[in-house]
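Under the heading active site, nucleophile, TrEMBL lists A:S141. Residues or ranges marked as active site by TrEMBL: A:D295, A:H324. Annotation comment: TrEMBL describes A:73-328 as domain 'AB hydrolase-1'.
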Number of protein chains: 2
Amino acid sequence: MVDNEYYSQAVHGPYESFNIGDLVLEEGGTIRNCQIAYASFGTLSAAKDNAILVPTWFSGTSKIMEQAYIGPGRALDPEKYFIVVANQIGNGLSTSPHNTAWPLGMANFPKVRIGDDVVAQQRLLKGRFGIETLALVVGGSMGAQQTYEWAVRFPDAVKRAAPIAGTAKNTPHDFLYAQSLCDAITSDPAWAGGWYREPHAVREGLRRHSRLWAVMGFSTEFYKQELWRPFGFSSVDDLMLNFLDATFLPMDPNDLLCMAWKWQRGDVSRHTGGDLAKALARITAKTVVMPISTDMFFPPADCAAEQRLIPKGELKVIDSLWGHIALFGLDAGYIEQVDRALKQLLDTPA
Amino acid sequence: MVDNEYYSQAVHGPYESFNIGDLVLEEGGTIRNCQIAYASFGTLSAAKDNAILVPTWFSGTSKIMEQAYIGPGRALDPEKYFIVVANQIGNGLSTSPHNTAWPLGMANFPKVRIGDDVVAQQRLLKGRFGIETLALVVGGSMGAQQTYEWAVRFPDAVKRAAPIAGTAKNTPHDFLYAQSLCDAITSDPAWAGGWYREPHAVREGLRRHSRLWAVMGFSTEFYKQELWRPFGFSSVDDLMLNFLDATFLPMDPNDLLCMAWKWQRGDVSRHTGGDLAKALARITAKTVVMPISTDMFFPPADCAAEQRLIPKGELKVIDSLWGHIALFGLDAGYIEQVDRALKQLLDTPA
């Protein structure tokens, strides 16, 4: 356990926590008294038929999802829906390597899979709110991985699904990219095999990690057109320092590694002996697959190939020059397109 | 100076070396008795009008250019043309950080620019062969940067130009990618500020560097379709180890850093006060701009934007799923398209 002020109500609140009990993991470990941190918005209808689940992406928490995607008049409108944002295991708010007591946390934290998160989220929704069906599951990146896992694992529980900028089965290329992020962190001597004692000791490794987001996270056109300029950054260096480093350097290295391991191995075909077509054919949800046009992590072609295997799947490529990081919602055009697509999906009877 | 058996006639030969004298560099340093290593193929005509110059890419030497691009029946046919492959400064065969005597080499090696290479190559061609005009300059990646520099700096000397998978002015995005390669090397404690004493001490940094090529160098489709399989690799891990690591780990870290610094700053608009359109308008050569369809370093859109500024510029996108590394010539379809385009260009009167 290491004390890191970044993972606090002051920075990410308000959020609550729910104890889902012991979670036996797919890889064989057990998280005892697993806590899922969540934030909820709006009111659950008496029929419990207006619930929306939003899982989180790599490094993200319920806060960024709230800020970028939720609000009155938006597709995810708390005046119409009851929206639960569930923080993934390892993200620093839910049970994570950095907040698990010695000797079970940090480098000893067990390996977690996307499927474990989805099982944990089902327990949260049922145990805390009595929710058994979801009007919509929507998430970006690792949130899309969880969305796909929900739709394949619990098809009856998911009426609609909207995986944004993510895949049902991670590609070998994206595995390698995530590995480069891990290597950037673990190669820092201050990482010390995961047993650093000071929360921000691994700053050089985290900085290299953040700079790999700079390479793969935006598009060449984003930089050429200096689309960062309206946001008050004075140069690319300033963007690196005050956006990417500022985003990633406060985080816990073991937490990031826990999530990256999960991200690398996201694969719904684990339910069908490796047959992806068979797994995606299980989905009964009306599904809108939304890649981002310039995404280098999950290029539209990779997402379209999966969409074609989903019975009620539809493809909506979101045009943005912000690459994968469009997810953060700073590109107004991106937000407008996503909101329109989600509203349309929510208005479709399911 | 460090003794590295990789940079030898046994590995890269046969090649010769020419002393171009003292080279005063754009950044202010001087390389004394600068040696340009080169390999030549074919016979120079009496009129000296059949010369082709091939500069090298980052980490490459004359050997890979010979193996991938030169041969009887090919576009670069030694039976018709006199072909000179000039090794760039810093590539380990020409004057480079690792082969310059203490205290002037290694981390003290002066900063070199693409323009310095082109001036050095002009001296080589004139001094060694009396060549003043070139039927063609063709190169890939950093070889394309040198090709553009030739065409802008010495328009009268270049009849035809074929920049493959490279740009005239490097993009901010590509600068960041090259920086991630540098950081991978310099973050290895064994790098020791550039003063390692054992040639292969920096193996972990070089391995991380090589794995970033894995991320940006191929395409997602390359990995999904396992296009590496016909080449005898048994898995992606085997490809990493026996292709990428085997390629990069024998190299000298300071040499790679010297080339990367140059690569980051390639920019023909230095000749025209930063005005790229004005610089490219200087080109009188018939120019075929050849991006690779899946290249993440130099996407077709970046290359096409420059091609439109070249008076006699034409765009030929080379279709390949091999990404930037298609340059190595292992994709037969790539080679076929490049050869066809170069033959057509060479057959065009200029």
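Heads up, the Cβ atoms here are built off N, Cα and C, so glycines get one too.
All TrEMBL annotations are machine predictions without curation.
Model, not experiment: these values are computed from the prediction.
DSSP assigns A:H324 (active site) to a helix in the three-state reduction.
If you take every residue in the domain 'AB hydrolase-1' (A:73-328) and average the pLDDT, you get 98.
Around A:H324 (active site), a 10 Å sphere centred on its CB holds 25 further CB atoms from the protein chains shown.
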